[in-house]
Amino acid sequence: MGRGGDSSGQAHPAAELAVPSDRAEVSNADSKALHIVLYGKRVDVTKFQRTHPGGSKVFRIFQDRDATEQFESYHSKRAIKMMEGMLKKSEDAPADTPLPSQSPMGKDFKAMIERHVAAGYYDPCPLDELFKLSLVLLPTFAGMYMLKAGVGSPLCGALMVSFGWYLDGWLAHDYLHHSVFKGSVARTVGWNNAAGYFLGFVQGYAVEWWRARHNTHHVCTNEDGSDPDIKTAPLLIYVRNKPSIAKRLNAFQRYQQYYYVPVMAILDLYWRLESIAYVAMRLPKMLPQALALVAHYAIVAWVFAGNYHLLPLVTVLRGFGTGITVFATHYGEDILDADQVRHMTLVEQTALTSRNISGGWLVNVLTGFISLQTEHHLFPMMPTGNLMTIQPEVRAFFKKHGLEYREGNLIECVRQNIRALAFEHLL
């Protein structure tokens with residue numbers, strides 16, 4: 001399954017970042033010099049603004065900031081080797097530049113990654129991936145067949161489609177992180193991307209829309225002003241025990257801790273509209289993705305003919321399942337400002353901004369392994385089937401370095417989010 005070639009690193013070369021962003025973000029600011037700090041060197045990345053598959057926004061976020069751990073998280077050893085030439089031409093970072101990657105914790109984290117590589121935890125897991133793929137495609141297409149052919153209960157068919165689309169999102173996420181097919185970069189990047197685009201078509205989301213959001217989220221999780229995933233205003237304002245925020249809530253927002261759970265049901269519809277708008281604003285460049293979306297909705301209209309009344313139920317259930325899971329693992333956690341993060345290792349930032357959903361293997365499968373959010377953010381290129389295996393070592397690592405390993409069952413995680421929204425006790 002794509003074995004051979006460069007399979008020892010966490011990811012793929014710079015030209016094939018796992019989660020590319022939107023090139024349209026590059027504007028007249030192209031001429032501004034951009035420098036990031038890698039391995040203690042101040043590297044000029046200005047010329048990569050238009051060609052960097054991860055987008056130029058990450059360069060601006062990490063301007064004169066240590067990006068070593070983030071760079072290694074999404075690039076292979078081959079790409080790191082390619083960077084050596086630029087490092088030799090680069091000057092040392094200013095003496096006052098924080099270098100968390102060179103701290104004892106940073107070095108310990110790098111050693112842990114190397115142990116995982118040596119143990120084969122980055123190797124592909126074909127049976128796991130086949131199982132997950134079957135959980136997506138079988139209910140989706142079986143449900144569509146039931147609806148179109150009039151076999152069995154239309155409600156049952158609609159529920160199966162909703163369940164398949166729900167799991168489809170998590171599986172597409174894995175492929176687009178390039179954590180499924182491993183081996184020769186030239187082959188497996190294309191295979192992972194092709195699978196991701198196919199799954200995007202099946203569920204009706206544009207891949208480039210997802211990438212534009214997700215790329216930045218991973219490298220600056222819960223960083224105020226940089227992470228697009230935590231921009232939930234005006235619908236939800238996370239107070240997090242701050243009186244200054246509580247006092248600014250309007251009359252509607254003062255009910256947010258009550259409508260938080262129900263509002264998860266509209267997320268699928270919201271994301272679909274956002275995805276369509278994202279593509280529409282980038283035509284004709286994104287014509288292929290626009291045609292894929294048109295084809296998806298044409299097929300849905302054909303399949304659900306005579307049962308259109310079930311479509312709201314499909315999107316409500318899918319949105320609720322996805323939203324309640326995603327929000328449980330990040331949104332109620334710490335929000336960090338850029339100055340704080342400059343001094344943090346990737347592990348420290350992850351410890352403050354991620355929360356796992358406990359419950360074992362079944363919960364992991366039913367949440368697309370996003371329940372292991374901490375491990376996923378530390379090792380985004382690792383096949384999800386191996387995240388449970390390394391969990392005890394990650395716990396021990398956190399304990400060794402005095403970090404809190406945050407987790408709870410789904411109900412506890414939802415309560416954590418509600419507490420972060422509460423405000424009455426601050427007035």
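Here the Cβ of each residue, glycine as well, is placed from N, Cα and C on the backbone.
As annotated by Swiss-Prot, region 'Disordered' applies to 1-24.
Helix, strand and coil residue tallies for the domain 'Cytochrome b5 heme-binding' (36-84), in that order: 22 helix, 8 strand, 19 coil [DSSP]. Residues annotated as domain 'Cytochrome b5 heme-binding' in Swiss-Prot: 36-84.
The motif 'Histidine box-1' annotation in Swiss-Prot covers 178-182. For the motif 'Histidine box-1' (178-182), the model's average pLDDT works out to 89.
The feature transmembrane segment is assigned by Swiss-Prot to 189-209 (among others), with sequence analysis given as support.
Residues annotated as motif 'Histidine box-2' in Swiss-Prot: 213-218.
According to Swiss-Prot, the transmembrane segment annotation covers 261-281 (among others).
Annotated transmembrane segment per Swiss-Prot: 286-306 (among others), in sequence order, evidence recorded as sequence analysis. Long-range Cβ contacts of the transmembrane segment (286-306) within its own chain (Cβ-Cβ under 8 Å, at least 6 residues beyond either end) map to 144, 147-148, 158, 197, 200-204, 206-208, 275-276, 279-280.
Sorting the motif 'Histidine box-3' (373-377) by DSSP state (H, G, I as helix; E, B as strand; all else coil) yields 5 helix, 0 strand, 0 coil. What Swiss-Prot records for 373-377 is motif 'Histidine box-3'.
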Same-chain residues near the transmembrane segment (261-281), Cβ under 8 Å, at least 6 residues beyond its ends: 204-206, 208-210, 212, 235-236, 289-290, 293, 315-320, 322-324, 327, 414, 418
